[in-house]
Amino acid sequence: MPAFNRLLPLASLVLIYWVRVCFPVCVEVPSETEAVQGNPMKLRCISCMKREEVEATTVVEWFYRPEGGKDFLIYEYRNGHQEVESPFQGRLQWNGSKDLQDVSITVLNVTLNDSGLYTCNVSREFEFEAHRPFVKTTRLIPLRVTEEAGEDFTSVVSEIMMYILLVFLTLWLFIEMIYCYRKVSKAEEAAQENASDYLAIPSENKENSVVPVEE
C-alpha cells in the first residue's frame, strides 16, 4: 500500500502530461493593453475552434485606429503572412500558431504614437460535404503606450495580500504557542498539587488506605 501511495502522484503527473500532449486545449486569453516605449508588444488574439478536426480556410485581418482617427489595415494573413503598407511596416511580426487558433502579432519597438484601438478579425469558412458555413470573430485591444513601466496593480495587491497572510499566520502561531504553554503549565501544576496532597497524608492513613486483598 505505501508503494501504491508513492506511485499515485507520479501516475497522475504522467496522465496530465499525456492529456496535454495528445489533446491540446485552446483557451481564449485576453491580450495585455499596456506597453512600454521601445519594447516589443504582443497583441494576443485567440479564436478557438470547437471542432479542430474540421478543415477550415482562415483569413486574419489586423486593423489599427489611432485616437480620433479611422480604422486601417496593418496586417493580413491569407494563405500566408502579408504585411501591408502602413506606419507599422517593418515592425510587425507574426506570432500565431500553426493551427491558426492563435493569430497574435507582435509590434516591435513600440512608440507613443502606437497607442490606439487594434482590431483582430478572424474569418473561417468550414469545409463540410453538404455546406460551407462561414464564421467571423472579432477581438478589440485598446493599447496604451507609456514612456516608463508603471507598477502593476495586480502585483501590488498580491504583495499586500502576501504580507497580510504572513502576519496572520505569525499571530496564529504565536497564539497557538501561548495556548500550548498554558496547557502544559496547568498539567504540571495539577501534577504537583496531586503529589503535594499525597505527601501531606499521614503515613498511618496511607497504610489504612491500602485495600486488603481477600484470600
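Numbering starts at 1 and runs along the chain as it is shown here.
Positions of Cβ are set from backbone N, Cα and C atoms, glycine also.
Now, the feature entries from Swiss-Prot:
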{"type": "DISULFID", "residues": "Cys26-Cys48", "note": "disulfide bond"}
{"type": "DISULFID", "residues": "Cys45-Cys120", "note": "disulfide bond"}
{"type": "DOMAIN", "residues": "25-138", "note": "domain 'Ig-like C2-type'"}
{"type": "CARBOHYD", "residues": "Asn95", "note": "N-linked glycosylation site"}
{"type": "CARBOHYD", "residues": "Asn109", "note": "N-linked glycosylation site"}
{"type": "CARBOHYD", "residues": "Asn113", "note": "N-linked glycosylation site"}
{"type": "CARBOHYD", "residues": "Asn121", "note": "N-linked glycosylation site"}
{"type": "SIGNAL", "residues": "1-24", "note": "signal peptide"}
{"type": "TRANSMEM", "residues": "157-178", "note": "transmembrane segment"}
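Features per Swiss-Prot, on structure.
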residue : record                      : DSSP class
Cys26   : disulfide bond              : coil
Cys45   : disulfide bond              : coil
Asn95   : N-linked glycosylation site : coil
Asn109  : N-linked glycosylation site : coil
Cys120  : disulfide bond              : strand
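For Asn109 (N-linked glycosylation site), the nearest neighbour among the recorded positions Cys26, Cys45, Cys48, Asn95, Asn121, judged by Cα separation, is Asn95. Under a cutoff of 8 A between CB atoms, and with a sequence separation of 6+ in the same chain, the neighbours of Cys120 (disulfide bond) are Leu43, Cys45, Val60, Glu61, Trp62, Val103, Thr138, Arg139, Leu140, Ile141. Most other Cβ atoms within 10 A: among the glycosylation sites Asn95, Asn109, Asn113, Asn121, that distinction falls to Asn121. Least crowded of the disulfide-bonded residues (Cys45, Cys48), judged by neighbouring Cβ atoms within 10 Å of its own Cβ: Cys48. Cα-Cα distance from Asn95 (N-linked glycosylation site) to Cys48 (disulfide bond): 16 Å (rounded to the nearest whole number).
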